[in-house]
Structure formats: C-alpha cells, structure tokens
Amino acid sequence: MDEAAGPSTSRTSNLEDVDDEGASLAEEDEEHTKALKAKEMMAPLFQRYNFTMKKNDLPINWNKPEILDKIRSNAVVVLQGATGCGKTTQVPQYLLEEAFERKEYCNIIVTQPRKIAAISIARRVAQERKCDLGTLVGYKVGLKEQHNEDTRLLYVTTGVLLQSLINSKTMATYTHVILDEVHEREVDMDFLLIVVRRLLSTNSKKTKVILMSATIDAKGFSEYFKIPKKSGYLSAPVISVERPRLHVVQEFYFDDLEKLKVDFQIDYEAPGISEQMYNIAAKLVVVCDHLKGQEFGDSLEYKPSIIIFLPGINEIEKMEGALEKLIASIQNAAQRPNLLIMKLHSTLPADDQTAVFRKPGPNQRKVILSTNIAESSITVPDIKFVIDFCLQRILVTDTLTNFSTLRTEWASKSNCIQRAGRAGRLMSGRVYRLVDRRFFENNMDVSTSPEILRCPLETVVLKAKLLEMGTPPSILALAMAPPNLDDIRNTILLLKEVGAMLRTVKGNYDQLDGDLTYLGRIMSKLPLDIRISKLIMLGYIFSVMEEAVTIGAGMNVKNIFLNQNSVKTYSQKMYWADGSGSDAIAILNAYTAWKSRQEQAGDTADMYNWARRMSLDRKSLIDMAELIHEVKDRLNRSGLKPVSGPNRVVWNAREKTVILKVILAGAFYPNYFIPMSVGGKELMERQSFTELGGRDPCNTVFFTGFDHERYIGPLYTVQIKKILSEGDYSKHQAMKVMYDRTTNRIFVTFLGTTDERDQRGSFMPGKVHADVYRAIKLRKLGARNRITEIRTMRQRDAIDYATSAGLGHWEDANGWVPRRKIVRNAHLSVLPPIFREKVVCQVTHVVHPNKFFLRPEDNRNKDIFREIHTQLNARQLHPFPADANFAMGQMVAAPVQENQETYARAVLRSYRNVRTTGSVSWTVFFIDYGHTAAMEETAFRQLDDSLGQLKDIPPRAFEATLTEIQPSAIISPQGSWTTESIHRFKELVLGKIFVAKVYSVVGVVASVELSRDEIRMNSELIRLKYAQYAEESYISKLDHDHRERKQREIMMDENLRNEVYRSAELTQNTYEDDELEDVNPPEDKLRCKVVLSGPHSPLETSASATIRSSVMKPVSIESDSVNSILLDSNPQDTHEKLLVAGGVNEQGNRLVLRQTSVMPNIPGFGAIMSLIFCPTAQLKKDKDETRVVTVLSGLGYDPSTGEALYPEHDMALTLDVVLNDDDITNINALRYTMDSILHTGEGQTDPKFGDASIQKLKLQVKQYIIKILEHERRFLDLRHAPNDYNWRCDLNLTAGSSSSKKMKGDFNIYDKKAIFPLLEPLNLLPVSASQLTFLKKHCHELHKLAHTDVQLPRHGITCQLCNNVLETLPQLRIHLYSKLHRDRESQIKYRSPQMY
C-alpha cells in the first residue's frame, strides 16, 4: 500500500511544524502558541480559496448545526444517513467552513472503499467549492493522486489511510479523520477501526473521528468507540439524517401473493431457489407488465423496467429460462408480454453492463436479471418494479484448507433495503420480496457479517505485524468483530508456509506468531493476493520479474477474457495460451499483444473491435495496465526492479516458458494436482486401443448410440461434420468420419496440420490434436442444447438413396454392405513388411523427427522409382481441360517444386478458393517424396494413356517416426519440435542414406531407429538436448511384439520364411472405402431424429489433489480455463504429470480449480518443484532404505511433540523417478541461493546483499535450475511408504539432526531465519545381494515366460521389479518393452536375453 496518504510536507502547511516549534515553550503557553501558528499557516489559504458555499437543499443541511456541535464536543461521532442524503460531500465542507469562520487549522482526510468513488467525489466537491482539483481539495488512490501543499480536504481509499497510519503510527497530522461507508465492513475498514481506536487512546487524542454509515443500525459503531468516564463508559453519539422519499414505493411479501402461489412453502433452512419459485417470479413479471402505469403517475415515454435480484450467474440463467418458457406458453398474442431480458453481473464485459441503461423498444419492457452488483455499484434510474429473492452469495474462506466457497445465504435487511432503493427514483414503484413478511422482520440479519469473519486474513495479519503493537491475535482481538482465534492461527500457519513469516519469534517457535520476513514485508506493500506477490518475488529471483508482474496483475483483476461459454472463446483461450496449457501464460500473451496494438492504434473503434474479436475484455485490460504500473512503482520504491546490463540473466523465449511455470509452481505451492486416469496409464492405453478400434486416440473422438442395422452411416457424414465444425464448412475436409457396425459407434479422425507449429495457433501441449479438445468442449457446452441430434432417413428411402449414390449395396443376409476399394500391386508397397527388421533408405522429406519420409534403396525399389520418374519426365504431359472437375484423392502429375519442369505423382488432399484470382488452390501430396505443396489447378497434368498404369503403383516413400523420442520439455515446453531442432535434424539426415531398424508399423507409419556411420540418430538428438525419451504407444508395442516373434519364427523355420516371402509377393488387399465424397440427402427425406452420445475421447482424465485435507475430494476445473478440458496429452508417457492451480474454490465437497497451468512434461517434475519450494520436506524411504519412495513436504512438525504443524497442507508425492544425491545437492544449492537473495541482516528490513552480489546470485539460480531440470532421471515403480503423512516415522531425516548439520556445514548460516532451509541427505543403503539375486532370477523367469504361449494364472502375475500386475501374456511382453521395466533392469544390472 502507499506509504503516505497526506499532502507533501511543507513548512507552511503541516501541523507537525507547530508541534516542533512549540515543544520548547512552557506547557501553559503551548496551546496559545499552536493557535497562533495555525492561524498564520491557514491565513494564505483563507485568502486564496473560497471557504463559503451556497446552501443547497440536501437533507443533511437540516442537521448541520447538530453535526458541527457534536464533532466539536466529542472525539468520535457516528453519522447515519441513507445513500444520497449528502453526508459524503457536505460534512467535510462543513468542517472547512467552520475552520475558516474560527480561523483554525484544519487537515481533513476522508476514506472511500473504492478508488472510483474517491476520485469522483473529490472532483465533485472541488467543483462545488469552485477550486481546481488537486488544490484545496484533492485525492490519492493507488498511484493516482492530485493534491499539493494547499490541500486541506483529501479523499483517499481505505487502504491508503491504513498504510499511512501503519507507517507513521499517529493520526496527529490530521484534525479530522472521516471514515465513510463503514457499514460495508470490509477487511481494511475493520482493521482501520482497530488502528484508529488505538491511536485515539495514545498519541492522537486531539484528532476528531467521524464514522459515516448508510445502515439502519449504527449502534455497534457507537458502542465500539466508548469513552471511559468516571461514571462508566460513554458511547459515541449517533446523528441520524432522514431522507424523505420523493416517490412512494410499496412493499409486498411472498405471503401477499395469494393469486400467484401454488401450494408451496419456502424452506428457510436451505437458502436457494426452487423450480416453483422461478415460475412464481416469472408469473410476477407478467403481472407487473400488465399493471397500468397511470396508477403510479408515470411520466416516462417508454415502459419502465423490472429488476430481479438473484444470487448468482447460474440462477440468472435459470430465471431467463423460466421467463422464456412462460412467455412461449401464452397462446394469446395480445396477452403475451414483449420483454427485453438483460443480464447484469460482474463477469460481463463493461460494454455489456452498460447495455442495461439503453431504452427499450416501442411497447417493450426491460427485465434486468441482476446479482447484487445493482445494489450500489450500478444504478439504473428507470426501474419501477423490484423482485427480490432476498438471497446473496458470499465468499467464505476455510482458513484450515485456504479454500474459498461461494455460499448462498439469506441477504441482510440492509441489503434488501438498498435493493428496494433501486425503485422510486423517477416514479412510484413496487418491491416484491419473495420471503414471508414474518421471516423478513424476525429472522433475517440486520446486516451482512463483516468480511473479517469470513474472508482471508493474510493481509490483516501482515499489517498487524507491521503495526508492532503486539502479536497478531492480541491486535485482532480488539476488532469490532474479532476473528476466531483458530482462523488467526491457521492464517499464521499459511503465512509461514508462503515464507511471509518465520516459524519462530527471535529464534523460539511460536504457534501464534512469527518474525516477519523480507518477503512478508514486500507482500504487505503490494495490493495483491500474497501468493501473487510471491510469484512476483520469485520472478525477481529467477529473472522474469517483468512477466511475473504482468501475470500477477492479470490474475488479480477481473477476467480479461470474455466468458461467452462457446467453443470459439475456448479456441481463443487456446490461441492466447500458445500451446502452453497455462491460463497464466495466456494472460501474459494476451496483454502483451493488446499493449503493443494499443500503442500503435490508440483507443480507437478498430481497437475495440479487435478486442471483441479476440475475446478480450477491454475494460479489464485497462485496469490491468493501471495495476501493473502501480505494482512496478511500489517495487521500484522497495529497490526491486529488473536488472539491465551485460551481466544480467537472459532467457530465450522457450526457456522463459519453462521458468514461468517453475515460478508458478513455487508461488502456488501446495495447489498441486495430479491428472489421473482410472486404473492407471497402462490400462488407459489398452482401453483407448479397444474403444477406438486401434485408431489413434490423439486425433480421434467417437459417438455412441448409432444403430448401424437401422441407419446407413455415410448418408449422415455431413451432419456429423457440421456438429463438430459448428457450421464452418471449411473444416469438413480436415475430418474423416468412419462407422463401426460391430460397436454402433461413429469415429471422427481430425486430419490437418498439427505438425507445423512454428506459427502461433490454437493447440495444447503434447500430442493430442486441438480439435479433439474442441470436440469435448462442444459436448460439455452443448449437453443442455442436444447438439448431437441428427436427422435420418427411413430405412427404405436410405437404401435407395445410398445405392443410387454408389455408396454400397444391400444384401438380405448381411444388410448394408459398404463399397470396398482394391489395393492394386500391394506386393510393391514400400512399407516395411512384418518379416523385415531393417531397411536401407534415403530420407526424402523431413517435417520433424517424429514425421519424415523414407524411400527404400534396394535395387527393385530404385528401379521402380526410376521408371516412374522417366515416364513422367520423358514426354510432354497434357494439361487438364479448362472445365475439368477435380476430386479429393485424385492422382495427377504435378511439378515437384515451383518453377521446375520435373513432374511427380501427386494426390489431391484439400482445396480452397482463392479470392483474389477466383481460381482454386489445392494442397497436393507427393506420394514418392512425402512433401506437400499448394498449387493451382493449371499446374496439374494428366496421367492418361500409357501413364494410367502409374495410378496403380503404391507410393515409393513411406512415413516414419524416430522410435522412443519426443521433443525435449526444456527447450520445447509446448511439446512441439523447435525450428532449431528441425533444422539440425534436416542437416543430419535429409537426402542421406540410413539403415532404418523397424520397431513397429502402425497404420502407414513406421517407427524406426536411424543409423549411419555408427551414429544412432535417436540417441544423437537426445545427446544434443533436442529430444528426450518417450514411451512407445500401446499399439506400437503390440506390433513390435508381433514383429519380433514373427521374425524369430521365420529365422528358425526356413520353410515358413519362404512361405511368408512368397505370400508377400501375391498380396492383393481390399478395404472399406473411407474416402467417399460427402453426400447430403434432401431435407424432405430426413424425417427421423437420432440423439447421439458424444463426442467422447478415451483420453479424458480428472485431477486429484495432493494435500492431506483434499486427497479424497473430487476435482474439476473452471469452465473458462484453457484446461477445462483435461486430456492425457502424452498418453504413451507413464510418469505422473502436474497441474498447478492459482486458486481453489470449494463447491460442496468438490474442489474447483482456477487459473491452472499444465507443468512441463518432465519426469518427476512435481516432486522436484515440491522439494525446491516447500517450507521443509522429509524424504521417505522404502522398508529396506534403498530408495526414496515418497516426498513429504509441508511446515514440518513440532519438535517437542512430533505433531505436524499444519497437517491439512502436508503433501505426500509418490516418486516415479530415481532421486539421488546429485538432485538433493543441486536443490539445496538453489534453496540456499534463493534464501541469500531474500536474506536481511540482523535488525534490518532490507536485503543484506547489494545489487552486484544479488546479480551474481541470480546467475547461480539460473545455473542450478537448468542443472536440476536437465538431469535425466531413471523411472521407478510407484510404491508408498508406511504412514506417508507421518512426520515422526523417520526422525533421522528431520531438520536439525546431527547428520543434517554435518552435511550442511558452513551453508547452514541462516539457521532458523531461512525461508528455504536445506533438505536432509538421502543416506540410502545398497540393495542387498540376496535381493539382487532374487530380482535378477525373477526377471529371467519373466523373459522366459514371454517366449511361451502359456496362459497366465487367473489373477495374473506381478512383476516384482516394477510392482505391476500383468494379467495376460501380451501385457507381459509389452511391459518388458516399457522404459520403466528396462530402467529397473538397468538399476539391478540385469542384462536381458535377446528379445523374442
């Protein structure tokens, strides 16, 4: 918060000067001297400004004498007056005028709860006094301020005054402190009341305090400021200002609505709205619309409005539905109301909110469905009818878990009265409260519970520490409504967890207190949530502070993205996330783009349209820009700013993405969630294979509920595509729809260019096609709208139409038989056959290391390719006629490269119309090379006459991928290959001859290992740090197992080998033609309807919490998050992934995650982040103490009792990678370096080290984090330690042990002042010789069993090495190929026999 709120210090304007100069005088002359000096200081102001004001007719003026008299004779006065009576603008001016009349010194400060109110009121008062704003009257809110040495009336926000008093610890500089809107009881106001009361009784006894409230109950404030007298305590006087109503507003209650009511009783024990109540409110709207306006003396030219107060957005949607349903049911058009239904809530863009002020059309009535935003923030003047459900939704924080819950409760009477005040401004009106009168009068609370009793207390406790007037509990006990001691204790624990407080006070552990750290002081200065402040400080440590400030500001303001609940806005969110899977990075990218465009275009209509088109809320972005400016200014004043110069830390763009995710994991620890699939990864892969019929789950979704015996699928392909493309026909070419008659499923595979990700596009990290995410989002959004309904033909009509369209034919015995396609010359296919282990190939084209093309270099294939090339280029080819029609899948001759005369075979893939030329451009695929190109139809040549035979020769190149590798998560955080890695791979392989060892062939893609000159390209890319290991998919392992066994059989049986070779030469395949032209049956034939279920994906997952208090709770992600659709983006990888949430809300028993980020696909990332950023950790070993199996992190335990200090937030992460001594050493070095940057000297409040030293430390931070992230870790099977959450089970590993001190040595200099104390050494034991012998023998038996065809026992067998249950022989064989098993074999130094 701002360190000062008053005007700048000046010898002509500050009362402190009077105190100083008069201090040496005799006590009896002091008051006289002060009065003389004050008169001398104020005299120039009295001459420069007008201190008399024209009288107005505001209600407050009737009370002016009483107000001034009470203020003069009392230290504290409570002024109660309804909104609009004039108290905010007039009372401070009364005091100015009185000071002028009495020639006395004055310095008045007035607080407002909101920035906009402080500025607008200051501007209005300056206008009334006819002075320039910033002179006699000024304001100060955040970084915005207008005041000077003349200012005697200063409007500020509550927080500004609070921070000023905390810093100065006196109010003596002010003659009057006016606290306005005290009835709102926000946290800052309640704490300010504590400070004001404390200072009044100590060093500021002469300052007058005025509390102004709009509530009907000011007694509480009066009692709080009791003054001790000889006869007892005297409460502060209360002055009530009455405001006469200009228009009559009648009040009605639920029990007054007899004509509308069904036999229905409200359940007052369960606040909420039932379906009957929605219907009653809808009927009430119709009744109001029929009431004659003349009864109320209306003067408006249009129908006045109705406002309905509802507790939340969900209720607004339901109320809208009830109104629409009722209106549709009214048959008589004359009786049917013409309603303009408008929504009003805080998540709407500012432009949409202002729409409620527009006039309705002729004979139309506006019905506003609003949350409590219309109580005070927004006033619509033309309201006649108020319908109030008397409900509110308040945010309540469970301090034990730190999760917030939006709870629906009955509103208070004061809330309801304020809502009623929306009517009667321009005309008479009516208020309908949908509760019984008796309940309203006798059971509803007078006012809403103060925020301090239900909201987070972190900032309050930090301010209490800065106040230095006692422990946080002792200070907060002085509050008007003291928080529960348990809530204070839990808040202190939370502050210790985030590093704002130490666990000790002057070296001694204290459960209810702790020394404030430098990190905590910075948190107290920033107007942000403490975790966001920590994010910024970690950004400072990791040299990404600029980005951290932007992300933090975006998280703190209202959502900068328009939340329109559509696939379009979801796609835009993906676009802004740029493949990061992070809401935080989406904020950074969106703001950066907006800021850049704003600087170029300014605040223009084009800028407005661009923001809407890109699903951005312009008002929120402007607020975000202001907050960024304010945060940077406060950081600068604290000496924290990005370092410039040659020695600064520099991250490239891709490294920065990873580092931003690292600091997000640090700032929002312990909000860690593990995406999980039911039954584990291996089971999920097997199910994906089964559910999709062997299709790729990364680009395929499916629908169920399609009866293939009744319907002919290809007739409805266009409708299926329409559903998934939301009517965008340009996307139809990129979808392939298939029908499975055995499962009654429809499969849709998304084609397209997901490989080229150099340009920013809408995609997610990992291998899953973005359209799969969009399809699942479509299902979740459209569940209510039945988007998967398709129209079908009657069977007889369908058979006739499909037969005439050439889609197949009908057989009485078999039903519909689809058209089949013959694969000619299949024996000439270049795809490696099952018996071929290695192929000598040339690399003809490279997209990236997981997609390139190979052409076999054996003599036969070379001859075939040469013959094709010769035939196409030895003669003049004929162009197509100008009126030729082309079709997808058609083969033509096309130039291999632009402006060249060399032709090759090409297949037409997709087309688009070129607007500028009016021609058609096709994407063509060169089947003998592997590359694609875009060209116009005029470039095509015919394959006619003798060249027609070329159409029957299979492609001479096949697609391949490097086995068991994927992009490095460090340099490719989006999971896509970088331009640099692709360029290097091309340099290494393009045009060169390699030996390709075939691992598997899935579909038409071969997974291979490329070798040349004893260099294995797969390993080489890992060595160059472009790639990391990747598990092969289940279907790839399945094919690999089949190939290995078949090749072994062939090797052992010469007759079988000859038979296999011979059959390969005779192969002639047919398959169902799935490249049919889309057909669109006539509308009049589509007379039936079928509702499908879907689309579904077998990759859909849920997340699981990791902290102790939440492990059993279901988890969902907020609907506008980029991760609202959570899929297993790398299904072949078996290690656990990590999802970090910026915030967690609780809905019933369910956790809802906000501002989520998918962490990099680095094995063990969650455990590593926990070890880096946790307060302390314990490394739990297995029973033999040979390996670490669990990382237990949290605040630790009480050394005297062994009990956990904060058990609800203890986190136990099971390790699936090997953690060794190098890891702990590097993590400790990083923790120590972070501590050094944040460390303050003894008795100091600023960092101990200077800028030059801190810069060196930041360079060390970069070195350590890169070393930690790049460290390759072997896989481990998941095993749980006994008593995972028990801190007492292994006291040898706890902080402070002798072994710990020995290991830490000289590095333990921070001792109990460390925010990141060093972790303990591993001290692991070697695996015993007997155990090694047993495991090796077990492995030998597994391999031996894999060679057989025996059936496994009923419940399967367990791999003792990996702790995996294997139920079938294929599962066993595939498991033996897994990286987990191979790593475990390597760890016990077992050499497996040659694979079968």
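Numbering starts at 1 and runs along the chain as it is shown here.
Cβ coordinates come from backbone N, Cα and C, glycine included.
Pulled from Swiss-Prot, these are the features on record:
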- G81, A82, T83, G84, C85, G86, K87, T88: ATP binding site (BINDING)
- 68-234: domain 'Helicase ATP-binding' (DOMAIN)
- 292-468: domain 'Helicase C-terminal' (DOMAIN)
- 885-950: domain 'Tudor' (DOMAIN)
- 1-34: region 'Disordered' (REGION)
- 180-183: motif 'DEAH box' (MOTIF)
So, by DSSP, how many helix, strand and coil residues make up the domain 'Tudor' (885-950)?
9 helix, 29 strand, 28 coil
Beyond the flanks of the motif 'DEAH box' (180-183) by at least 6 residues, Cβ under 8 Å:
87-88, 110-113, 189, 193, 211-215, 218, 221, 414, 447
Would you mind splitting the motif 'DEAH box' (180-183) into helix, strand and coil residue counts from DSSP?
2 helix, 0 strand, 2 coil
Mean pLDDT over the motif 'DEAH box' (180-183): what is the value?
87
Sequence-distant neighbours of G86 (ATP binding site) in its chain (C-beta under 8 A, six or more apart):
N56, L58, P59, I60, N61
Taking the Cβ of T88 (ATP binding site) as centre, how many other Cβ atoms lie within 10 Å?
23
Between the binding-site residues G81, G84, whose Cβ has more other Cβ atoms within 10 Å than any of the rest?
G81
Quick one: what's DSSP say for A82 (ATP binding site), helix, strand or coil?
coil
Please name the residue among the binding-site residues A82, C85 whose C-beta has the most neighbouring C-beta atoms within 10 angstroms.
C85
Using Cβ atoms only, which residues of the same chain lie under 8 Å from K87 (ATP binding site) while being at least 6 residues apart in sequence?
I60, L79, G81, D180, M212, V241
Is it possible to get the count of other C-beta atoms within 10 angstroms of the C-beta of T83 (ATP binding site)?
14
